[in-house]
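A.B. asks: Structure incoming, see below.
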Amino acid sequence: VSYKDLRGMKDDEFVDILEERRCSSDLGHAFRTFNPQPYKGGPPCSAADLNKALLDSHFLHRVVKEVAMETGSSQEKVMEEAGEILVEMSHNLHLPFIRLMGYTFSKVIKRLFTSIFVNMDGLNTLQQAVQENPVILMPNHRSYVDFLIISYILFTYDIPVPVIAAGVPLAEMKIVGEILRRSGAFFIRRSIGSDKLYWAVLSEYVRGIVRHGFAPVEFYVEGLRSRTLKSLTPKLGMMQMVLEPYFKGEVFDITLVPISISYDRVLEESLLARELLGVPKPKESTAGLLKASRVLQEDYGSMQVNFGQPLSVRKLCEGKINRSYYNLVPRDLPMKPSAEALACVSWLAHVVVGLQERGSLISPWSLMACLLIQEPTTVLAEQGLLWDDLTEKTLWLRKMVLDFGARLNWPGEAPNSAVMSSAISLHRSIVYLKAGRVYLTQEEVPLRRHRISPEEGVFRTAVPVLMLAAYRNQSLHALVRPAMLAMSICITRSTQRDELFRFFCFLQEVFANEFIFIPGNLSQDFEEACLCLNSCGAVYISEQEVRVSEQSSEVITFLQKLLQPFIDSYQLIFRCVCEEEQVQVFTEKQFLAAVRALALKLILSGELHTYETLSSDTQKNVLSALCRLEAVAKSEINEFKVNKAAVRRITDALCKSRQGSITIFNYNYSVSSIIQVQLQLH
Amino acid sequence: MTICIPLGVPVPHFGNLGAKSFTNNLSGHFCTQHYESPCLSFNRHEVMKWNGWGYSDSRFLFNKKGQAEFTGKRYKLSGMILPALKDWFEGTFGASLQHKSPATPLLNTSAVQAPTLNQDFVEELKSIGVPFSHEAEDRAFRGHGHCLHEIFALREGKIGRVPDMVVWPNCHNDVEKIVALACKHNVCLIPYGGGTSVSSALECPPEETRSIVSLDTSQMNRILWIDEKNLTAHVEAGIIGQDLERLLNESGYCTGHEPDSMEFSSLGGWVSTRASGMKKNIYGNIEDLVVHIKMVTPQGVIEKSCQGPRMSTGPDIHHFILGSEGTLGVVTEVTMKIRPVPEYQKYGSVVFPNFEQGVACLREVAKQRCAPASIRLMDNEQFMFGHALKPQVSSIFTSFLDGLKKFYITKFKGFDPSRLCVATLLFEGNREKVLQHEKQVYDIAAKFGGLAAGEDNGQRGYMLTFVIAYLRDLGMDYYVIAESFETSVPWDRVLDVCRNVKARVVRECKDKGVQFSPLSSCRVTQTYDAGACVYFYFAFNYRGLSDPVHVYEQVEHAAREEILANGGSLSHHHGVGKLRKEWMRETVSEVGVGMLQSVKDYVDPKNIFGNRNLL
């Protein structure tokens, strides 16, 4: 199958960068003349210069003095500590290592992927942008493969390779850590907490790189790899450090480049599903990496890297921030950012995540996953789904998402049926096609085990279901707004714009951790949802009303069912924390275990239809949502206290007028009772 | 490429404002003479341009061969050919000698509104015998300063609201009489000194309905006495800078106050705008130089009772006057500090590999408090500009030397010609100390990679100041408009302000549809213990723009916003006028504005001094 003509991507010229790698020498590529256009803002600055400037900075000296005063140790000692932190943290970008990395990378990715599509116009604008202002590359993070792909592409196209923010565990990997460091990675501890010195070194280090501007900074604004392939709520710490030089006027402007990386198939798919089900993530280690080399044997389809339009922070912040806030204090005084600045940082981070979503390409498989996951799991596992039904519906969905303005990665040359069946065969770890029906793939039971418990059975089914859910999530960004409107229509049974908008806002508030929306953008989101549904003929819109059209039931039902797993999971968990009698306070661990046990039970009894409640991601999101909505209070020692009345109010609002859909709440399951059961078991 | 800003030094006898025709009565204490009819100096426009900068006989032009030359005989550069200017001009602005935008040659007096006269005021004025005029030329000449939009309009022959008449008081007493009459008849007075304002301060408020009278202080131009024991001079405030220095020099003294506009600006103007002079490091700024000020206000005369060098008598009333921009009254007489003319002067220059190093050096010089009389750092763009103003080289030897210098700096020392920048220096004092001082400064410069680049370059560098405004007129003949603006900023923000403001100008021009990238340049012109004064130039080719002045105003506005956002001040020495009024509140706080307003309300309740500057 040739992936050359990518429908929905007509405006951009996507080029398969592997094509050239397959017909010319990788060694030649690794030793190519690397000659990027220089940065106009100043001369290059070596890693050593950068470190020296940091250790000499007035800022650091101020903080060192403060820390020494607070801890009672000598300044020299604190300074030494700062030096050690820096050693652990700092990158050591060396061109020869980029070449080595490039060579290895060429070898590996050619094995893994059939093609890597990159939009050339994005690269061209980036090439211009890196000469003008400091550039921040902001890719989404869906796989470990993301980590060096940007450097690899930039190296190939003569653009300065970035320094990349990475987690300290990567640095601790033998050899690999050092290679990454020399390829431009710098390492940040996972939990910094209130370690003042660490914050100071880190923030000044990052600001230093941005101020010098000669190398782009790459970091994941989502903070982590998304285990659900859904965007995560952006983390603001790094974003703030990166933006501060602009707020303080130390640079004229900063350019943000959202980058959307999409995969046909994610390397870590089953690992991620297992992690969500509570199997701990293996610690990053070189040995583990080598063991994982069996993943290299498999086919992962293609990968798409879409470089977004560069964003000028200056333009975006116009009217949002008063930079003279910093005028009356010394430049290098450690200073809390203004509330205005924090709001601006958060807004920008959300804007970038939004653009990452809009820039990512939806694969045929993801559309199929949207449909497959709406089937009852037992049906999918036992009777299977008619292939023809699936293909027909997929094409229907394709038209719909195109109407919604999504970017699709649908190969245009091959017949549609071939595209879809190749997607199925690429994902045989999740579903397989047999005799005209599609079935859920389940791990084979090891022979020596005679019997598996029903719980284990659920677990075995849950793995492919959660994988399926993850691939569905790849399309969610295109569907979530109209889906929330559809849900609002179904729940409120209203046609009044105001009322729908109110409920739409409520849903957005409740699901703020599931779906990333730009703060303060609600009316536009609602407007977009209306236009989407209107574009596919599902609703008529007028000044006052949003009225469902007669022939629209299919669209509305599909969209409603798309969100149903989230609604069901949230309701279950709300009820779970509410029903509780004795235990007023619980830890996150207790909460997760209780919810899991309850969900397991209800799935077994056939009362809960979605396996997504089992996902620790969903569970944690509900907990954050409750905290955000002030229905649960988190104490200083990380214990949670429930305000039941508040939770009930949210539950009621969420299920208002949805009679008869879920009745599980008649059962008196509660966190406390389940915790007690568990304690007895152990 | 040589390291020089080759401009002419004004010829020694450069004073020629007509002031020569007056007897400067050094020993006289009182006005001794009244002039019944306007004579030469009453009509400055006979020696000065009515719609451009400076003397009528001095201007840049491109001759028939396409070479730039500077006409007249007043300056060292006068009569010289500047072979490199054309290429620089065309290359920098995308301008072409084919595309001319000439000015209206003569003032069309019919374009000047008929005067609104207050007959009672005029009658009484006649009776006290103060000369006045309501001729169109006299009025139009005093209705503007030298902001770009003012000159641009004049070149197009557009005259807005101008004063309805001009009066020429001859002494303090005349001013008292005029102000009393103005109060009596409710006439608006606008004091006029040298007319070099760049803050729209001289523009007549269009909403003013009363008769506006321009009070021209040019006849009050005497040094009334010199006190050699206390080293002070008592001078009438209308005196022009160059005349003051020349006359003091004749007695072996100087004030040392040399603002860039000193050829044309007046003592009264300096006081009322808080002027700053090039050599402030030795002599101080105007507020350090004045010992006593006499000002006529609607409430009467304000002055101190003695000439004590410092007083603790509540807030210094001089500071209500300094920077009042003509809103409170007319400064009539000033006692200023004077110094013996320095025994020895020496220019110098230093080339730095980049602007950052240059600023670091200036900061160090300021830290060690060893700044010479003047030290200025030009950025790379101005360095290039200076190079383009180099006159035709007469000898092969000179050009060979220039080539050698260029080779040494760019090849041997590895300076990047597109990054290097130059500092110009002026030392003053006794010979021995100057040489010692010079060594100290050059040693500091060397620590920042600076290379001494010769005396001539330094000397010529300072003359850029005197001809830059003439160059603007040349640009305007070819669709290029230009303006300068300034600020003061703490040391730790100097680089940020310079970088960001220059970049902002470039970006704004681009956003506003300016076809060719503008010239956006800066220099650090003064150093202080806690910061520096930065001067910006920007210029662009406005072909293709329907409203170039509006675009220019938007760019300048944006640049000022940028300055303020980066911790720069609203003005270091140009003042606020009406151009920068909108930022006063955020600059001095609500209470600050209230304080100033309450002073205005007390001193001038009827807003006789109604130029509406500042507040």
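Keep in mind that glycine also has a Cβ here, set from the backbone N, Cα and C atoms.
As listed in TrEMBL for this protein:
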- B:Y535: active site, proton donor/acceptor (ACT_SITE)
- B:191-197, B:273-276, B:325-331: FAD binding site (BINDING)
- B:R472: substrate binding site (BINDING)
- B:159-341: domain 'FAD-binding PCMH-type' (DOMAIN)
- B:R376: site 'Important for enzyme activity' (SITE)
A.B. asks: Round to the nearest Å and give the CA-to-CA distance linking B:Y535 (active site, proton donor/acceptor) with B:G329 (FAD binding site).
C.D. replies: 29
A.B. asks: Could you tally the C-beta atoms, other than its own, that fall within 10 angstroms of the C-beta of B:R376 (site 'Important for enzyme activity')?
C.D. replies: 25
A.B. asks: If I restrict to non-local contacts, at least six residues apart, and a C-beta distance under 8 angstroms, what lies near B:R472 (substrate binding site) in its own chain?
C.D. replies: B:W53, B:L148, B:I151, B:I481, B:A482, B:E483, B:A539
A.B. asks: If you run the three-state DSSP split on B:P191 (FAD binding site), which class comes out?
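C.D. replies: Note: B:P191 (FAD binding site) is in a strand by DSSP.
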A.B. asks: Rank the binding-site residues B:P191, B:G194, B:G326, B:G329 by how many other Cβ atoms lie within 10 Å of each Cβ and give me the one with the fewest.
C.D. replies: B:G194
A.B. asks: Could you state the CA-to-CA distance between B:S197 (FAD binding site) and B:R376 (site 'Important for enzyme activity') to the nearest Å?
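C.D. replies: Taking the Cα atoms only, B:S197 (FAD binding site) lies 23 Å from B:R376 (site 'Important for enzyme activity').
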A.B. asks: Roughly how many Å lie between the Cα atoms of B:R376 (site 'Important for enzyme activity') and B:A275 (FAD binding site), rounded to a whole value?
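C.D. replies: The separation of the Cα atoms works out to 17 Å.
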A.B. asks: List the same-chain residues at least 6 positions away in sequence whose Cβ sits under 8 Å from the Cβ of B:A275 (FAD binding site), in sequence order, or say none.
C.D. replies: B:H257, B:P259, B:S265, B:G269, B:N285, B:I286, B:H573
A.B. asks: For the recorded positions listed here (B:S197, B:Y535), which one has the lowest count of neighbouring CB atoms within 10 Å of its own CB?
C.D. replies: B:Y535
A.B. asks: Across the domain 'FAD-binding PCMH-type' (B:159-341), what does the mean pLDDT come to, as a whole number?
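C.D. replies: Across the residues of the domain 'FAD-binding PCMH-type' (B:159-341) the model's pLDDT averages 96 on the 0 to 100 scale.
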A.B. asks: If H, G and I count as helix, E and B as strand, and all else as coil, what does DSSP give for B:R376 (site 'Important for enzyme activity')?
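C.D. replies: SS state of B:R376 (site 'Important for enzyme activity') = strand.
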A.B. asks: Going by DSSP, is B:G329 (FAD binding site) sitting in a helix, a strand, or coil?
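C.D. replies: B:G329 (FAD binding site) sits in coil per DSSP, no helix or strand.
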